[in-house]
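To start, the structure under review is shown below, and the notes come after it.
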Amino acid sequence: MALLKVKFNQKKRVKLAQGLWLMNWFSVFAGITVFSMGLFLKIELRKRSEVMDNAESHFVPNSLILMGVLSCAFNGFAGKICYDSLDPTKFAKWKPLLKPYLALCFLFNILIFFVALICFLMRGSLESTLAHGLKNSMKFYRDTDTPGRCFMKKTIDMLQIEFKCCGNNGFRDWFEIQWISNRYLDFSSKEVKDRIKSNVDGRYLVDGVPFSCCNPSSPRPCIQYQITNNSAHYSYDYQTEELNLWGRGCREALLHYYTSMMSSMGAVILLVWLFEMSVMVGLRLLHTSLESIANPEDPECESEGWVLENSLKDTFKSTLESLKKIGKFNQVEADAEGAQGEEGGKTPAITTVS
């Protein structure tokens, strides 16, 4: 029994073709939207490429850009088919191409659904990328005189100001690295010498943070040095002074920014996928309804259209049988080639009669 079997007359076939033509051009605009989203996400990721560990995160925008281009191509081609289907003589040239085209549409819709899922599931990979990238970038904060890394201080400062964050996981991350350049340290000072000697790696570590960690909403001037020393500041308790510095780490802030963006894009991609699926089903109905016309010379006669010629179960069985036949055919060919090779390798015995 055919799946989604529908009876059509000439009027219904024309309406279906016109509706599909319109839907395909809507899909072209949807493809442009998907392409634009991928381009925007790629630009946003490139802005923070210095604080990311690898380029894995660009898989999503690259996929969106590819899906957008393919959507425009597929739906533009389908729109032409739907327009020509209004004229049976023009539609005849598309008949041999429709089955392969519908198979490609099916694979394309699987890819769209896969990309939509990736948009929702990218959080884990992105979190790891940001965690390692930010940790390594913070180590280069002090290298303002080193070629190739002199921009890192500005990048991190702008990042912390824009996203209202501090450090990787929090402001204490700055306590574990030397973020003040040696150029601005007085090595004749006893305090500097003692701090460097007290550290195994010979680094100048302080319980302080860069100015970009300061919260301008704080009612008091920013305390960025001796943060954990209550006695160094009047009426101060670092455990309760929550407004003095940004409390959220930049990893969390960036992760929330990008995942919310990707989740919104994933929702849009799912809507596009549903729209593309409906277009593919409609095109299949149009294709079968035009093929099943009993008398091609009488375009006004009734016909039947369907999505699958048999039920899902029967279609699945026939597909498996076809795959098995292909496998057996390849095996027979390989065995035949092997036999021919063996026969060709044999040398005929020559007997000499004396």
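Cβ coordinates come from backbone N, Cα and C, glycine included.
The annotation region 'Disordered' is assigned in TrEMBL to 334-354. The feature transmembrane segment is assigned by TrEMBL to 20-41, 62-81, 101-122, 255-275.
Distant neighbours of the transmembrane segment (62-81): 20-21, 24-25, 27-28, 30-39, 41-42, 91, 94, 98, 101, 104-105, 108, 111-112, 115, 118, 265, 269, 272, 276, 279, 283; these residues of the same chain sit at least 6 beyond its ends, with a Cβ under 8 Å from one of its Cβ atoms. Residues 60-72, 75-76, 78-79, 82-83, 261-262, 265, 268-269, 272, 275-276, 278-279, 282-283, 286 of the same chain sit 6 or more residues outside the transmembrane segment (20-41) yet have a Cβ under 8 Å from a Cβ within it.
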